[in-house]
Amino acid sequence: MVVIGLDVGYGDTKVIGIDGKRIIFPSRWAVTETESWGIGGKIPVLSTDGGQTKFIYGRYASGNNIRVPQGDGRLASKEAFPLIAAALWESGIHNDGSPVDLVIGSGTPLGTFDLEVKAAKEALENKILTVTGPEGEVRQYNVTRLIMRPQGVGAALYLLNQGIIEQQPGYGVVIDVGSRTTDVLTINLMDMEPVVELSFSLQIGVGDAISNLSRKIAKETGFVVPFDLAQEALSKPVMFRQKQVGGPEVAGPILEDLANRIIENIRLNLRGEVDRITSLIPVGGGANLIGDRFDEIAPGTTVRIKPEDLQFANALGYRDAAERSM
């Protein structure tokens, strides 16, 4: 029996595999008719229907025909299925052609939790997923159980398991800064249960900052910059059209504006409960960029997570929850 943690986000797909192996790739894929080659060699092409339909994924998928998830953690959607297949393939789990018994720990936002869990279990649980690789290798995965937790609970469970936070009176607020949304989950730290009325999703994410920086670079160079390059330019200067663009000095004001909008909306939604917050927990890719600002919401309560764990916090917690359920 193999247990993995899987976090299919709108921006990136994260996997915690065997021996804690960590995998991350952009959450996008595209149907392809031919094999392609990149600088590093042949681009991986997968299939989930015996080779009839082939697709590329992650950073290799580009152009006008790319497909992306409908939202975070929507595992039952047809847009997410190739990403799940790619995640399993990338994990390296296989058993010489015979099915591997697999338990998947994953999560989805609290607002649609029951609906998404029901759909995901119907789509994946007790099903054998067959993935064909670029050289015709076939790997099969028997999903014996799918353990789902609300998005954000995964991060809290991981931190609790690591001793970074403790069960205590008060609220823990997980702020997951994603590509398209910022999901806020408030947890009662005594019983680790979500506080539904203080949990919400903001239609604000790092993608807003990327789009703003992309427009700024386009105005400067006269060319539209690829999304991936604009994303990289948020944190460091990059070369584009033989010119150095982006970097902290250029992106700083854009990220400040993003942080201000998120903080203002969180304060508004938490209303008079801020005094009960004992742990603010920024996670997600955006937390690397603006996480330090969240201490303004409840000074002195921000939990510092290792930078390399920020993007994987939910997936780590999902895997832990799946292991505990066995």
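Glycine is no exception: its Cβ is also placed from the backbone N, Cα and C atoms.
Within S62, S77, S179, the residue that Swiss-Prot lists together with Y10, G11, D12, T13, K14, Q231, G285, G286, A287, N288, Q311 for binding ATP is S179. Neighbour counts of Cβ atoms within 10 Å were taken for the binding-site residues Q231, N288; the minimum is at N288. DSSP classifies N288 (ATP binding site) as helix under the three-state reduction. Same-chain residues at least 6 positions away in sequence with a Cβ under 8 Å from that of K14 (ATP binding site) are, in sequence order, G5, L6, D7, R22, I23, I24, Q311, F312, N314, A315. Between the binding-site residues Y10, D12, G286, G286 has the most other Cβ atoms inside 10 Å of its own Cβ, all protein chains included.
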